[in-house]
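Database features (TrEMBL):
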- 103-136: domain 'Mechanosensitive ion channel transmembrane helices 2/3' (DOMAIN)
- 138-201: domain 'Mechanosensitive ion channel MscS' (DOMAIN)
- 208-289: domain 'Mechanosensitive ion channel MscS C-terminal' (DOMAIN)
- 42-64: transmembrane segment (TRANSMEM)
- 85-111: transmembrane segment (TRANSMEM)
- 117-139: transmembrane segment (TRANSMEM)
């Protein structure tokens, strides 16, 4: 591309020289403005840049659609693959597609505007090598992230605990994992720091609640009271998978006996079910005390 260049004289001796210089400058400007070849080059370069951008967007959308359809077919196949993995793998593949496609697009656009890509890529390679020596933790994070997904340690939507942090997995990226605690805090953890993981979402959780009773109370009456409370809880909340089980005496001492109640539920509902069991037992005890004070005497 030819650009307008201006020549400067050392000195202007007379008005005639100034007029000649102005005319010369005007002629050069007019020649630059009316340079058809240059404007054709600019126009075609702009069109190619627009075309590169549009094709990149189309390519990304097509790859996204292919990823979604491939995962849907795998999910419907007879192979027993954990469905939790599909969401995580899909998001990771889309992330890699977006980064790679936009990097290639930027390189092509830079080539269109006149940048020499060979020295740029060579410099980027040397810079990447230098950064690589100081980015071992980044490489560790990325490798750990891939193994987390391939081994299905946890997936998006799981409730996990690593170290002292516990929450729902909101995102698994190439470098980090994002957890959201039940109180709303967002924890961003580098994948390389995830060593020990407790996954609460792989299987149903078991809620276990113990209730102490005085030895002065009759065992059958106490068990009957708890069973009626659990039946009422199931009637009020029919979406629970089962009626909490009153297992019987868990421990016995000189002053009291302990009756255990257990129920299987979804991992995310564990605390809720535990609180509800305690609430319904407390209400049953209060009703029994109101009807017959002697029944709860000595607790």
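Counting begins at 1 with the first residue displayed.
Heads up, the Cβ atoms here are built off N, Cα and C, so glycines get one too.
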Secondary structure content, the domain 'Mechanosensitive ion channel MscS C-terminal' (208-289) (per DSSP, counts of residues): 41 helix, 25 strand, 16 coil
Beyond the flanks of the transmembrane segment (42-64) by 6 or more, those residues with Cβ under 8 Å of it: 1, 94, 97-98, 101-102, 104-105, 108-109, 112-113
Segment-level pLDDT (mean, integer) for the domain 'Mechanosensitive ion channel MscS C-terminal' (208-289): 90
